[in-house]
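Asker: Shown below is the structure under consideration.
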Amino acid sequence: MAAIADIIAREILDSRGNPTVEVDVTLESGAQGRAAVPSGASTGAHEAVELRDGDKSRYGGKGVLHAVSFVEGEIFEAIGGMDASEQLRIDETLIAVDGTPNKSRLGANAMLAVSLATAKAAANHQGVPLYRYLGGVYARTLPVPMMNIVNGGKHADNPIDIQEFMIQPVAAPTIADAVRVGAEIFAALKKELSAAGHNTNVGDEGGFAPGLKSAEEALSFITKACEKAGYRPGEDVTFALDCAATEFFKDGVYDLEGEGKKFDAAGMVRYLEDLAAKFPIVSIEDGLAEDDWEGWKLLTDTLGRKVQLVGDDLFVTNPDRLRHGIALGTANAILVKVNQIGTLSETLEAVETAHRAGYAAVMSHRSGETEDSTIADLAVATNCGQIKTGSLSRSDRTAKYNQLIRIEQDLDTSGRYAGRTILRG
């Protein structure tokens with residue numbers, strides 16, 4: 001009765017107005033699952049490939065009709081009739097049918113939509129929430145959010161080189177309280193920026209995108225906003241950065257054009273070390289470029305005992321790249337983006353590999369999102385303790401926070417908010 005009976009795909013829009021793939025999987029029992037895939041702006045060179053049509057007459061070449069046709073054609077032919085609960089077998093079949101090392105033939109967007117929709121259908125067939133279906137009875141940790149309240153880099157049209165400035169409400173007792181704390185600080189930040197004459201338009205991930213001159217200025221505004229909202233930076237709330245350093249790494253140089261600074265790897269490490277000394281920064285993502293393994297080792301040796309160093313473009317949710325990084329002693333955490341690797345099984349393997357090595361895992365959205373809230377369930381299912389899903393505005397971001405609040409209510413007294421347990425040192 002849990003056999004896959006039908007798969008329907010369609011082209012929908014993401015939060016940037018670009019096409020993406022949505023899939024409905026229906027089982028013989030009548031149970032259904034639906035999933036829509038996200039898309040990134042700053043993408044790692046080693047990510048699985050999302051398939052775009054390239055037809056300039058539609059969506060500027062960004063259409064996904066080829067991916068849709070693969071879902072309803074080759075993919076359905078390959079997995080139709082299979083038991084939806086056999087997730088690993090289904091994902092292995094998808095990988096085999098694609099036949100490429102980076103999922104470039106069928107497209108990671110087509111494969112992931114099917115993989116996630118299948119898991120949701122199986123959960124619905126069993127009558128349990130997705131987080132419980134995937135994580136079992138031990139899925140009970142509500143993650144600390146990394147809330148991106150100031151956007152820069154590729155996520156905004158402003159001079160700030162660093163892509164994301166985030167807050168983490170580590171002292172909140174529950175996820176619902178954490179969301180409230182974040183929303184109050186976000187509102188206070190809007191007032192502070194406006195009073196200083198800055199615009200309060202928001203970027204791709206819902207954070208403000210003011211024309212600030214430096215990372216230090218952005219962090220100073222966030223510090224003031226926390227205090228105005230009644231919270232203590234470093235005690236109630238900690239800070240996190242996503243540098244997306246690959247985006248400003250040119251010809252062996254880290255070129256912070258907005259600040260007028262250029263560094264080699266050692267200089268970039270000193271720059272980040274200085275910021276972490278001035279502000280309560282407890283997590284830095286992609287502080288160095290995706291293939292600068294030597295620089296990453298220096299960063300890890302310098303800051304790794306007290307700061308969480310997250311590999312996003314460095315690891316691209318790929319268990320093999322993660323294992324390589326672990327062997328070299330680089331970074332101490334992985335950012336988990338389901339569309340970077342293209343199947344649910346490989347995503348879960350990446351989290352498991354990280355945890356076995358003592359690395360933290362942070363479940364993450366992409367800058368081009370939809371109303372799909374699957375990553376909220378995945379964060380709880382894996383007990384990863386942290387989630388990165390944007391600011392406190394734009395419904396594509398708040399959908400994930402709202403789902404976490406629902407999960408917390410569902411867990412009742414068995415749920416626990418990760419809080420300060422995520423901190424190093």
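Backbone N, Cα and C define each Cβ position, glycine as well.
Pulled these features from Swiss-Prot for this protein:
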type	residues	note
BINDING	Gln163, Lys337, Arg366, Ser367, Lys388	(2R)-2-phosphoglycerate binding site
ACT_SITE	Glu205	active site, proton donor
BINDING	Asp242, Glu285, Asp312	Mg(2+) binding site
ACT_SITE	Lys337	active site, proton acceptor
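How buried are these features, and what lies next to them?
Answerer: If you draw a 10 Å sphere around the CB of Arg366 ((2R)-2-phosphoglycerate binding site), it holds 26 other CB atoms from the protein chains shown.
For Glu205 (active site, proton donor), the number of other Cβ atoms no farther than 10 Å from its own Cβ, over all displayed protein chains, is 31. Under the three-state DSSP scheme, Glu205 (active site, proton donor) falls in the coil class.
Sequence-distant neighbours of Asp242 (Mg(2+) binding site) (same chain, six or more apart, CB under 8 Å from its CB) are Asn148, Ile162, Gln163, Glu164, Met166, Glu285, Asp286, Val310, Asp312, Lys388, listed in sequence order.
Residue environment of Lys337 ((2R)-2-phosphoglycerate binding site) contains 26 other Cβ atoms, counted within 10 Å of its Cβ in all protein chains.
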Asker: Out of Gln163, Ser367, which of the binding-site residues has the smallest number of neighbouring Cβ atoms within 10 Å?
Answerer: Ser367
Asker: What's the CA to CA span in angstrom from Ser367 ((2R)-2-phosphoglycerate binding site) over to Glu205 (active site, proton donor)?
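Answerer: That separation, Cα to Cα, works out to 6 Å.
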Asker: What does DSSP call Glu285 (Mg(2+) binding site) in the simple three-state scheme?
Answerer: strand
Asker: Just to verify a number: CA distance, Lys337 ((2R)-2-phosphoglycerate binding site) to Glu205 (active site, proton donor), in angstrom, no decimals.
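Answerer: Spelling it out, the Cα of Lys337 ((2R)-2-phosphoglycerate binding site) and the Cα of Glu205 (active site, proton donor) are 15 Å apart.
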Asker: Hey, how far is Arg366 ((2R)-2-phosphoglycerate binding site) from Glu205 (active site, proton donor), Cα to Cα, in Å?
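Answerer: Computed Cα spacing between Arg366 ((2R)-2-phosphoglycerate binding site) and Glu205 (active site, proton donor) is 8 Å.
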Asker: Starting from the Mg(2+) site formed by Asp242, Glu285, Asp312, give every other residue of that chain whose CB sits within 8 Å of the mean position of their CB atoms, in sequence order.
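Answerer: Result: Gln163, Glu164, Leu241, Cys243, Ala244, Ile284, Asp286, Val310, Asp313, Leu335, Lys388.
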